[in-house]
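Asker: The structure is given below, and queries will be raised subsequently.
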Amino acid sequence: CIRNIKSKNKDFLKHMPSRDTMFLVALSFAYFAKALSGSYMKSTITQLERRFDIPSYLIGVIDGSFEIGNLLVIAFVSYFGAKLHRPKIIAVGCILMSIGTFIIALPHFIIGRYEYETSVRWVVNSTLNPSPCPVGSPADQTQAGKLPQVPATGCESESNLSMWIYVLLGNVLRGIGETPVQPLGISYIDDFATEENAALYVGCVQTISVVGPVFGYLLGSLCAKIYVDIGFVKMETITITPADARWVGAWWLGYLIAGVITLLSAIPFWFLPRSIPISGPRVPEKCTPEQTSFIKESPLLKHKYPADDHTSFIEMAKDFFPTLRTLLAHPVYLIYLCVTIIQLNSLIGMVTYKPKYIEQHFRQSASKANFLMGVINIPAVALGMFSGGLLMKRLKLNIMGAARFAFGTSLIGYILSLFFFAMSCENAKVAGVTLSLDAISYDKHSVFTACNSDCFCSSSDWDPVCGENGITYVSPCLAGCTTSAGSGKNTVFSNCSCVGVAGNFTASTGQCPQKDDCDRMFPYFLALSVITSFIISLGGTPGYMLLIRCIKPQLKSLALGFHALATRTLAGIPAPIYFGAIIDTTCLKWGQKRCGGIGACRIYNTTAYRIAYLGLTLSLRTISFIICIPGFILLSRQLKKEERSGIHGALTNGGTELEALRKEEFVISNSEQTQHTSDNSTDRQTRL
């Protein structure tokens, strides 16, 4: 019976998933959760701008606050975490990420209902609509020819709009929680995986981390269709559509969902061991001199701080700065660091504002822009990263081969990206903003002209209407409309003196749909975006493995952590801010806060937006290619130097081993002679 039970237990254990597989699955899910919440943050950029009435550069500050959280703890977590229980530290990080995500959604439940500027009212039990063109006495007119700006009711609660600070603080906490996931998780995988499988495992994890944004952007697309105050207001009273520049979706709902998913990702790590024994040989029997030099002092052979060696905190702290100095003295690592910082400045700025670029330049809704990012663009990146890891394993690329592969794919993607400049769209036709209402005021593009002189209108309002002439007007008042019929989205304005179409002077709510070459250009933009994303992401995994393999195993966790620290500090934090500030300079019409002050931008100059957005992205990548040249030279020199030292070491070790073999042969021959002598004496005694 005992033998049967033991055999059954052995069979059961064989069919159980191994601990390394469990950790790989758990880490992949954690990567998925953090990528989902991070991409959802980027999908809600325009929603947060409109909800809190803030410009793009402030959104860049909020987005960069995630990296600030990383900056606070990443160096110490990477260094000390490698010597502690890594899975449990990752679990604590996932819990902190979840709490931060919930804090981001908190302002929605504190501030009041969303109010947008509109002259359309939902009138109950009445057929009489207020005139969009108020006519007052001269005493009511100010010197500027506008209606006096009366402070809106509820102005004392304007400070509630500063609730975006809660979003910033929640994002900082997300950044703190995300810190241990990447450096400790990747180093843990590289410790238990064999060399030939390490690249494939890292490729799998990175691929899952790119699949997360697919669902993040799809979640953003779904929530952008739902009105922000769903369940608290009657939807028939809402006079705007998701395509309107004033529309705000249910941004808070996605953060609640992302927070729950992140919380679930923390559970598996509590049940994983501190370290996993490696099955199979870590280093192949036959190593090239290059492999010997770059993978020497293997963790199997020597651990500076073994997993079961509880080194004191003071001892580890004293060794921190000398270890960091050794790492920064590595020339190839420094060049790699500079290149990736500049490349990530370009990448982060581009990805952060790409949905907004699609919205503004190609006049798509936020929901559609997020949907296209999730369904078309992100899968191409995931496929490229997985293919890059697979190609690296199939082609058996060495250090130099991985560097050349990553550089080549990035260069091809750069060349293809130049064609984005040719995919241009004209500005939307908005009277007084992009078009002139009057030949006299062409240069100023003034919204006031003779056709609306009888109406006392505010130039700061943004309540667009579409005239029968296909031109958008900033408001019904500035279109010269005197009467209106219907209510809500079905309101029709009539007697609009500025429209002037052969007896038909009507206008409807919302901007005019622009049907021009831009619609035909948009599919080509999407196709080229998919191709360039795939090609560039092919070099992601080889480039990452270059970072891991160009340093000693003892410095691996610190190198990954410091790399993440530097890139987040010098790329993740500033890139969204200065990209947003440059995009703000292309704004043509700013919104107005209830109590005065500039709010969110309503319409951009699409030509200036395209040049600023694409020009800044490609300029940064050009600089990174120039820095790669000395990097290749230094890497080649170091490989040659290590090869020579490896050959010299092999000869020295070979001479030592030959001498040892000679001594062993001498000892064996002596023992054989002694045994032969003893045998002869035994024979003599036997004969006697």
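The first residue you see is number 1, and the count goes up from there.
Glycine is no exception: its Cβ is also placed from the backbone N, Cα and C atoms.
No curator has checked TrEMBL annotations; they are predicted automatically.
Among the features that TrEMBL reports, domain 'Major facilitator superfamily (MFS) profile' is placed at 23-640. Taken from TrEMBL, the feature domain 'Kazal-like' covers 445-500. As annotated by TrEMBL, transmembrane segment applies to 21-37, 57-82, 89-111, 252-272, 333-351, 371-391, 403-423, 521-547, 559-583, 611-635.
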Asker: Would you call the transmembrane segment (611-635) and the transmembrane segment (89-111) in contact, using three or more Cβ pairs under 8 Å, pairs 6 or more apart in sequence?
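Answerer: Contact between the transmembrane segment (89-111) and the transmembrane segment (611-635): absent, because fewer than 3 Cβ pairs are under 8 Å.
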Asker: State, in range form, which of 89-111, 252-272, 371-391, 403-423, 521-547 has the highest count of Cβ pairs under 8 Å to the transmembrane segment (57-82).
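Answerer: Between the candidates 89-111, 252-272, 371-391, 403-423, 521-547, the best contact partner of the transmembrane segment (57-82) is 89-111.
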Asker: Quick check: do the transmembrane segment (559-583) and the transmembrane segment (333-351) share at least 3 Cβ pairs under 8 Å, counting only pairs 6+ apart in sequence?
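Answerer: Between the transmembrane segment (559-583) and the transmembrane segment (333-351), contact is present.
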Asker: Near the transmembrane segment (521-547), which same-chain residues lie under 8 Å Cβ to Cβ, leaving out any that are not at least 6 residues past its ends?
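Answerer: Those are 198-199, 202-203, 206, 210, 333, 336, 340, 362, 364, 372, 376-377, 380-389, 391-392, 397, 399, 401-403, 405-410, 412-413, 416-417, 419-420, 423-425, 559-560, 563, in sequence order.
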Asker: Sequence-remote contacts (6 or more beyond its ends) of the transmembrane segment (333-351), Cβ cut-off under 8 Å?
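Answerer: For the transmembrane segment (333-351), the list is 42, 327, 410, 543, 546-547, 550-551, 559, 563, 566-567, 570-572, 574-576, 578-579, 613, 616-618, 620-621, 623-624, 627-628, 630-631, 634-635.
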Asker: Does the chain bring the transmembrane segment (252-272) near the transmembrane segment (371-391), so that three or more CB pairs sit under 8 Å (pairs 6 or more apart in sequence)?
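Answerer: Output no: the transmembrane segment (252-272) is apart from the transmembrane segment (371-391).
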Asker: Is it possible to list how many residues within the domain 'Kazal-like' (445-500) are helical, extended or coil according to DSSP?
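Answerer: Residue counts in helix, strand and coil order: 6 helix, 11 strand, 39 coil.
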Asker: Within the domain 'Kazal-like' (445-500) only, compute the mean pLDDT.
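Answerer: Over the domain 'Kazal-like' (445-500), the predicted model scores a mean pLDDT of 79.
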